[in-house]
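Per TrEMBL, compositional bias 'Basic and acidic residues' is recorded for 18-32. Annotation source TrEMBL lists region 'Disordered' at 1-34. Sequence annotations record features per position, and here TrEMBL assigns transmembrane segment to 49-69, 161-178, 184-202, 297-330, 350-370, 422-441, 466-483, 489-511, 523-542.
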Amino acid sequence: MAEEGGPAIELRQRKKPKSSENKESAKEEKINDTPVTERLPKHVLFQRFAKIFIGCLAAVTSGMMYALYLSAYHERKFWFSNRQELEREITFQGDSAIYYSYYKDMLKAPSFGRGVYELTHNNKTVSLRTINAVQQMSLYPELIASVLYQATGSNEIIEPVYFYIGIVFGLQGIYVSALFVTSWLMSGTWLAGMLTVAWFIINRVDTTRIEYSIPLRENWALPYFACQIAALTGYLKSNLNTYGERFCYLLMSASTYMFMMMWEYSHYLLFLQAISLFLLDNFSLEQSDKIHEVYKIYIFSLFLGYLLQFENSALLVSPLLSLIVVLMLVKCLQPNVKKRTFVAKIMKVINFHLVCTLTVTLNIIMKVFVPHNENEHMLKFLEVKLGLNMTKNFTMNWLLCQESLQAPSQEFFLRLTQSSLLPFYILVLIICFLSMVQVIFRRFNGESLEETVTLEDGRIGERPEVIYHVIHTIFFGSLAMIIEGLKYLWTPYVCMLAAFGVCSPELWTTLFKWLRLRTVHPVLLALILSMAVPTIIGVSLWKEFFPRLMTELTELQEFYDPDTVELMTWIKRQAPVAAVFAGSPQLMGVIKLCTGWMVTSLPLYNDDDLLKRNENIYQIYSKRSAEDIYKILTSYKANYLIVEDAICNEVGTRRGCRVKDLLDIANGHVVCEEGDKLTYSKYGRFCHEVKINYSPYVNYFTRVYWNRSYFVYKINTVISFQS
């Protein structure tokens, strides 16, 4: 009866027009639960609108100006508009030439579908191999660029090469704008964004590789990563409204997926980002639900990327997937424990250990059961780089000798110091890190954190977005200290974090609270310094570096390489269409772009077979017999061999890192370590001996063309070997 009467009583109560007490109490609860939205005065609304408008205008203008600067600098550097198409294409070196060559192939295809099919079943690039070039080389940027070029009718207005590099320069403008917005969101003033852009451009030698190699995958991908970080920064802010939160979430979803599609190594960077978010979540800083929404974005992007990247198994065995699966599983199994108790602290420690252990275990299991070609040579390289292993392998030692894979040079830190970036970055990082540690200790000691932190509190370490960026920059900075090439991931966010710090009154207040200033009110002094310091920095940067930037745009440079132009012209006129060329991988990339002829190797280092081919072809610069070289070349169906004088007589690099030195070490022709015996080769260096034109070299190779830099030999087809 009680169960039957309950609903009836409720219905009767709803019918009563009275019960003013209930209504009043409900109204009071509603008022207490939901914030009162008072209409702000018009002048306050106008100020906010003006601030946002000016900031957005400054961000867009900064990006556009940087893109135009890159275009003008590129024109001055290569004298691009006054060159023939062949000379323009030669400016694309190494792997950049390969990427651009496939863009050209897509434009030549009769239809988009046919072009994609030819790239996914490509047998016209590398001899004896059919490759899925789209998957193996991440050619999605070229697919998108070719579609845009034809769909927008740009083929009637602009040349393909200008459209291609224009897109990349435009993305770099978006990159700068995203850094601007990130610094603006964190500091609350667009002055920080302006300072970020200034530092980024002044230190562009260390912030981007766009000047050296335009089509690199990172130049396409990192702008999306910057947009993702800007959206994540806004998403983590505590005072964000519902509409802003949704916008940030959607932008973060789209940019995460695009970033993953543009670059094969993107999931490693997202893995570091996920670790940063996991640590933020583990510190119990009131952002757990938001962080788990970000985890869902990772899962969605990995799943969609796996499907659209031809079932890319590297995404299944990536540490990112293992970590996210474990984090979501632990979240579901985590018991509800009262916060700030001893049991809760113990559970935090257990949770941290469980996530680390299960992530490693799951990743190992995935690699055992999922067939994959994940870059194993990268792991071998890291073993040797960190001193965990020794090797005489040519490829490993060649990679170790690359300047971009060395530890950062003193000049790198000197450049950052001269622009005042490094000192202010260190200051900001120390203050934010110490404040973050202070907050974490307070939290673990059971103290409750305030929901809203005011400027007078001076606790910048309580802001979730600040904690994320501190962890983020420490991770990326640690990698950059090991491998200089990774500085391009770290230095842009050094610019952003330093600019945010010097423009943030909250950071200065935090510092002055620690110093316990008595003479001047900390907040007042912080407000003054947050305007004065960036202004002084900006004026000094303007005086010192702006004239240099203008000088770079006024100086006419010229990319002059007549020997390569002559070689490409000879190949197009004299070599048979079905000919296969062998030589250094860097030169093979240019040949593929400029002539379209098939080659034996490519300047790509994510494929074991290509790495082995590169090592074998490089034997033309070793102390091997003519017969050995002939067997190697004919095994790849090569018809022509190109010997480069610059490699054969290489003297520029430090001894031990020249190609011929590395080959001698790998072949055992020199002493590498103590205890090794010196082995003499009874043959001279092939690249020298073949030029002399004596037997047996003339029996295998016939010189058909030469200039100051290149010697081209036709590989004879009728040879009888007698052993």
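The backbone N, Cα and C atoms fix where each Cβ goes, glycine too.
Ranked by the number of CB pairs under 8 Å to the transmembrane segment (184-202), the listed stretches 49-69, 297-330, 350-370, 466-483 are led by 49-69. Sequence-distant neighbours of the transmembrane segment (422-441) (same chain, 6+ residues past either end, Cβ-Cβ under 8 Å): 283, 285, 413, 416, 449, 459-462, 466-467, 469-470, 473-474, 494, 497-498, 500-502, 507, 510-511, 537. Same-chain neighbours of the transmembrane segment (489-511): 175, 179, 182-183, 186-189, 191-193, 195-196, 199-200, 203, 206-208, 222, 226, 229, 269, 416, 421-422, 424-425, 427-429, 431-432, 435, 453, 455-461, 463, 469, 472-473, 476-477, 479-480, 522-523, 525-527, 529-530, 533-534, 537, counting only residues six or more beyond its ends whose CB sits under 8 Å from a CB of the stretch. A contact links the transmembrane segment (297-330) to the transmembrane segment (350-370), because at least 3 Cβ pairs that are 6 or more residues apart lie under 8 A. Remote same-chain residues near the transmembrane segment (523-542) are listed as 189, 191-192, 194-195, 198-199, 202, 419-420, 424, 455-456, 499, 502-509, 512, 517 (criterion: CB distance under 8 Å, separation of at least six residues from the stretch ends).
Counting same-chain residues at least six beyond the ends of the transmembrane segment (49-69), those with a Cβ under 8 angstroms from any Cβ of the stretch are 169-170, 172-177, 180-181, 184, 190, 193-194, 197, 201, 549, 553.
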